[in-house]
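Comments concern the structure below.
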Amino acid sequence: MEENSSELDSNNFNVLVDNLAGLSLTDEEVRRILSPRKEGSRQLPSSTSKDEDSEEASHKYDFEIDRDSLKSDSGSPRLHQNATAPTSSTPLQSPDESVNKLNSEDEEGNSSVAPFFLDTTNFDRLNDNITTDDEQLSPVLTANQGFQSQEQYEEDSYNNYDYTSDPSSPNYISSSLDQLPHLDDEDDLQLTPIKEERNYLHSQDAPTTNALSKKISDILIPASAMKDLKDRKNALAKEFEESQPGSSLTLKEQANVIDNLRKEVFGLKLKCYFLYDQLNKFHDQEVQDIMKQNIDLKTLTMELQRAVAGYEKKISGLESRIKPDQSFNLSTPSPAPSNLITLQSRYSQALSELETTKRAFAALRKEKSKKTNYSVGAYNEDRNVLSNMLDNERREKEALLQELESLRVQLSKKVPMPAKNTDERVIETLQRSNELLRMDISMQNEALLLRKQENDRLVKQVEELTVALNSGKMNAIVEAESSKNELWDSMMVSRMKTQEQSIELTRLYKQLQDIEEDYENKLMRMEQQWREDVDQLQEYVEEITQELQDTKEVLSKSSKESDDYEEVVGKLRTEAEREIEKFEKTIRENEESISLFKEEVEKLTDEITQLSERYNDKCHEFDELQKRLQTLEEENNKAKEDSTSKTSNLLEQLKMTEAEVDSLRKENEENKQVIALKESELVKSNDNKLLLNEQIESLNDQLSQLKTEMESVTTSKESLADYLSNLKERHNDELDSLNKKLREFEGILSSNSSLKSEIEERNNQYVTLRENFDSLQNAIMETFDKQVTHCSVNHLVQQIRKLKDENKKDQSGTDKLMKKIYHCEQSLKEKTNSLETLVSEKKELKNLLDAERRSKKAIQLELENLSSQAFRRNLSGSSSPSERSQSRELKLLQASEKRLKEQVEERNSLIKNIVTRFTQLNTGSKPVNTNVEALTTISSMNQAVNMNFRELDKSIQEFKRKCQSMEREFKTELRKLDGVLEARSKRLSQLEERVKLLGAGSTSSIPNSPRASKRVSLDSEDKKLVPASPDKSAVQRGITALKRDAEGMSHIWQLRLREMEFQLKAEQEGRKRDKLGARERLQDLIRQNRSLSRQIKTDKESNSRSPSISSQEHK
């Protein structure tokens, strides 16, 4: 028993020394402690088993130390080193092992969890540097410094936590229970029992910083409190030096005292560590609660900021209203000077109140920025938890102090020892550690007191801010009441304006529908015409290709015949020369046969006469072909004259369009000015209308809605400005394009003049060619004449080459002319399209201007009436209007509200219809959002209008793109057709040339010899008379087909011109009808304005009578 008791005493002594070594810690040591705690939860099972083995070895080593060795070596410092060597090297246990041990113990014993104690192994790492200085930092203070250096994490709050179900509880609970000494019941100096605290254990994924650590880090301890703490520490040190405890105690008594002191120190360590864990560890639900509180605080701050911004915007709006109000007062009859003075005083008061609200909100912002991001409710909960913990600590502290005082009394009664042993040093270190712990507790108490004071101060500041907010609200309400009386009259004006605007919108919508229908009908007609023209052209091209193939075959045959004829003529000439030579020889030889030869010559002369007759027949055929060619040339000249007449008509039309463009420019400039004025008036009327509607409902609603309305007004103004700038840019671009087109038209006119000169030159060239052709005919006649002795073939070949070269030049010139004419036609078509668009835009702008002028006149009349009413009210003095007048005004307001609602609904329906119409036109575009909400506010109305206008612009642009693509395709197809026609014209010219050559090569062949002349003539007649008939028939067919084609094309163009004339006449009639309808609408609006003016006069008379009646009743 004695050996076991000695072993227990030695073990407790070693534990006490180890715990004392952990009291004085530096910042680096605390960080070393925290890092293995985090790393311990991630260790593998192999590492944890090694830690357990090392811990068991250290415990065995501690129990082997005897009590006698303690007595003998009490003064040597090696005892402490040997005792702490094995324990200091043991690492911390992982939380997973501790959880497994606790779960196994709970399942076996079904016992409740023991009080929360520390394991000695968790503090063995701190035994390397044992210091006795009093100024070392305590664990709590060093932990607080560690919190300040760590990163921020999510906010958490305290909540009850069941440590029995937590799987992350540390392993040092069970080990510390096993290693605690067994206390005797008879011992007088027992420590107060440690209460079972709730175990806020730290999970593996728990944060290292939290809300409480942030709050504690923000606390600043004053210098005076630190001085007091140092003074107390010095006083306690002096008392311990003077007392000299343990001089007359035995070893057993000293051991008991040491054990008691060790227990006290261990309990204080546990409490400090427990508080440290409570600061670090929270439950997940508490984290969520703190996050919600933080979000609520942020929303409150955002609402306050928005309120401040709204008040600032309201101030700026009221300041901006000063100028238009002044301009309005200048236009109206000037009121009495007393009213002006009262208005100025009210305005100055409102400005002063607004400045006070600004200052109050600025102060609120500054104070709010200094505050933390935590709500008052969460802060009070944390404060209550900390106060409860501190109360418990104070009670325990008082019990400990009483026990310490009793120990001091007992120690003072006994005789002091002559020399200080190791036990005395241990006692001194324990006493100093107790002092440090007490100082830490006092510091925490003082920090909590300071925190409470700060809470009280913050609560007071919040109350002051609420009072300031209430005062600001009251000032705003007073301002709203003052502005309500001023804006009451403008509400009627805005309502009348909205009525007129709705009427104008209906009229514009009808006009848009008519314009859309006209454009659709025109497009359908153009498409049908285009398709018919394409079909006709395709058929015509096919016929031409077939005829050209036939003519090619005929020409190939004719060319072959002409070559054969030339060869036969050459052979005949050579044979004739040879025969003449032979004949001369024979004459010389045989004079007797001369008579016979004469007979033969006569026969030859007869044959030659026959050949000349045939030649004459061929000449007649050639003349007929020339006549046909002349008829074709006359037809071509007629076509040229028609084209020139068409170009002259187009020039006249262009001049007319130029005059219309100039007038449109002037009207567009006037329209821009009027539109700008109307848009400014509409914005003002909408602002007044919305403000009045909101003020009638409730003043509190005004304060909440003014913010959003002012923002929407600014955005709407910006969007309208952008829209106007875009319109101006588009208009400028259109004007530039028109100028360019006019310049191009001037160039076209100059090109037409040059074309005319070129045509004249070509006619001259044609005359020269005709003369050359006649000369060629004469040369051919001379070659076949009897009187000519030699042939002129070379001369013929040269002339033919010249004719071919000149023909090629003429063809190139005609091609160039056709291209120029084509470009001119394209430019004319583009100009006609642009002019049509300008005419349509001109109509729309005229209608808008007429409507805006009418609305302006009505608004001016209403303003005059309202100004006269206000002037009469001011003259009547401060007397309030009668109940009848008030009831009438209320009825009028209700009726006007109903009208406004109806107008808004009509406007929304009109916008929907317009959008649907544009979507029908743009089949490929995306559908437009037609779900337009009730536009009862400026923001919603402006947003809806802007969105619809943007979508309309997009749809219009897409429609324009489609039209442009259609025009491009149409132009490409026309170019292709023009190319085909040009090729056809070239082929026709070539055919004409070949037909001309056919006349020269259609003569019959000459026989080979004079003796066989009859046979050759008969054979030639049989062979060549047969194919002559199909050649003539083919040529005649080609000429008749050409005539028919020319007549068909001229007929198509005539039909087109007639249709264009009909369209122009229909457009003129439509314009006349539009003018008549506009005049009728103007007359209707004038009648309505007159009726409204009469009603206003009657209302004025009734209002003027009602105050007189009320004054009589008062009298």
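Positions of Cβ are set from backbone N, Cα and C atoms, glycine also.
Note that this is a predicted model, so its numbers are computed, not measured.
Your range for region 'Required for interaction with mto2', going by Swiss-Prot and the list 253-267, 478-492, 523-537, 943-957, is 523-537. As annotated in Swiss-Prot, phosphoserine applies, among SER169, SER334, SER880, SER1009, to SER1009.
Residues SER89, SER248, SER559, SER1005 are shown; Swiss-Prot lists phosphoserine for one of them, SER1005. Note on the compositional bias 'Polar residues' (1086-1095): residues 496, 854, 857-858, 861, 865 of its chain, located 6 or more positions outside it, place their CB under 8 angstroms from a CB of the stretch. Counting residue by residue with DSSP, the compositional bias 'Polar residues' (1086-1095) contains 10 helix, 0 strand, 0 coil. The helix, strand and coil residue counts that DSSP assigns across the region 'Required for interaction with mto2' (523-537) are 15 helix, 0 strand, 0 coil.
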